[in-house]
Ligand code: IDP
């Protein structure tokens, strides 16, 4: 399997619950390396641009409001099959449907406040990583 990079976000609900470390530790235990990371307070423009593909969806306004409600921690994860591996660790979008032991089953309370984001394809990963990080901010290991 190829070594990939994917974008992960610890969302404001999880930052507020003080579980940043527990979530990042799951990535490391699963063999993913954190090659870039920063904490940010998103504004409407930055959060709206990130979720531009959902602009016409009824939940878009609530999504932007939630993503700007407190700081987030964005990271680039690297490893074999990193994109799918991170999606497996995250669990389903709706925590009620997320498999036991996944991040969303353990830390998320609702479909809007669902603890983490992870790129869903190679194309999204490329766009999303570039949206938050310059090439110099990513430390190859
Ligand atoms: P994902 O985060 O699992 O990739 P997406 O379908 O890309 O899920 O949706 C992006 C985010 O939008 C979700 O993580 C969730 O926070 C929010 N979202 C998706 N569907 C709904 C919905 O039906 N109601 C409210 N929020 C939603």
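Glycine is no exception: its Cβ is also placed from the backbone N, Cα and C atoms.
TrEMBL labels come from automatic prediction, so no person has curated them.
Here's what TrEMBL has on this protein:
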ACT_SITE  117  active site, pros-phosphohistidine intermediate
BINDING   11, 59, 87, 93, 104, 114  ATP binding site
DOMAIN    3-140  domain 'Nucleoside diphosphate kinase-like'
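In the three-state DSSP classification, residue 93 (ATP binding site) falls within coil. With respect to Cβ neighbours within 10 Å, the binding-site residues 93, 114 differ, and 93 shows the lowest count.
For the ATP site, whose annotated binding residues are 11, 59, 87, 93, 104, 114, the maximal Cα to Cα separation is 21 Å.
Between the listed binding-site residues, namely 11, 87, the fewest other CB atoms within 10 angstroms of a CB are found at 87. For the recorded positions shown (104, 117), fewest C-beta neighbours within 10 angstroms: 117.
Secondary structure of the domain 'Nucleoside diphosphate kinase-like' (3-140), assigned with DSSP and counted as helix (H, G, I), strand (E, B) and coil, comes to 64 helix, 28 strand, 46 coil. Reported as a whole number, the C-alpha separation between residue 93 (ATP binding site) and residue 117 (active site, pros-phosphohistidine intermediate) equals 9 Å.
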